[in-house]
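Let me begin by presenting the structure, written as structure tokens, before commenting on it.
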């Protein structure tokens, strides 16, 4: 494709990219809340702290956000069909704005806890609502790149906190950070509601108007009819939790919950939330905040490149490589901290844990950070995807809360190496889980994937013969 064709192509989709970029400013905002702890906790734990805290309180500051994020999908599920995708996302950002203001004016740890709880609600609502909005406004051709924007903006939010935090004081960082959600709110007010939602509410004229703006086209009747048909099918086949417990869906549920647990138990969230404290213990020649910034940049670049890798390599191989990489990486870092605690001279090898953590972040980002979301969208029938996504988000949040809370306690009581070796052991155990249960779905039509998931004689989707598929074809619309 020539330069001029590329320019014309971008102009054709420019309104969709504008809506997606503005919308994913919400992801930047809520991810910034998570990244905020890395530069802030060392300051709050220091002798000249602006708000003195104990190590136990610091673990609550990290984990409360993860705990309250579990409520996000519940709130979103109630709002998103009743009030629309746009209103839900605008409401989602409000707790985050209040949370940053409380940090800016608060004088006690209790106020800080409340702030983190509010930020967690925004975090959960954003992650459960934004993918739906992006999927409904995007054309088929650019849905992949727009979906990747969600992860890229989230990693950008973490990077911004890592970059700004070490160079400004505690309250200044809060007042700078509140600009992210307020900017989202001010800009997103002017963007269109999802045409799918408008059609579901019998607002056909507004749906057509919004679709014309998104597609930069005057004739959108064909696509509008396809959307109307999809909406009608969805309304006729609404799924419930009970539908998830049928044979094929039950297998899918076990797979996705296992991957949700693996995402947390591999140690990724602890490394991101406590990165500056971890690097403080590593004598690499770099300052801790400099190491954290490098790690965040690597994660951002890897996330931006990951979408093309997933479609080329496949889901299953990437998950296996990612999980093995996380297991080896956390074991090596744990070994370094073990030798450090045993007072072995590690003066000349301080660069090793730094390099290994960077490699670990690459392994995590290319596989475990992205592939589970792709699999979630592929192994469930349409009518139960929303229910499955909500359960996945709440379960992963529950496990993440345990990891975030216990990391600090275990590291203080038994040593940092114990935490990292627990992450290594969990990752190693889940290699077996991924190998035994997780299917390869690359390049397969969704109907074929669902048929094979409901075939009781197969472990992997590569094992089904054509005759088996015909004999065991389930009622996919109702998740039988």
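Placement of Cβ uses the backbone N, Cα and C atoms for every residue, glycine included.
Note that TrEMBL annotation is computational and uncurated.
The range from 199-218, 219-238, 419-438 that TrEMBL describes as transmembrane segment is residues 419-438.
Feature annotation (TrEMBL): of 60-80, 459-479, the stretch labelled transmembrane segment is 60-80. Counting Cβ pairs closer than 8 Å to the transmembrane segment (252-272), the top stretch among 60-80, 111-134, 317-339, 419-438 is 419-438. As a quick check, the transmembrane segment (17-36) and the transmembrane segment (111-134) clear the bar of 3 or more Cβ pairs under 8 A, pairs 6 or more apart, so the two touch. Between the transmembrane segment (387-407) and the stretches 60-80, 111-134, 173-191, it is 60-80 that has the most C-beta pairs under 8 angstroms. Here the transmembrane segment (173-191) lies next to the transmembrane segment (87-105) in space: the count of CB pairs under 8 Å, restricted to residues six or more apart, reaches at least 3. Contact between the transmembrane segment (111-134) and the transmembrane segment (419-438) is absent: fewer than three CB pairs lie under 8 Å, with pairs separated by 6 or more positions in sequence.
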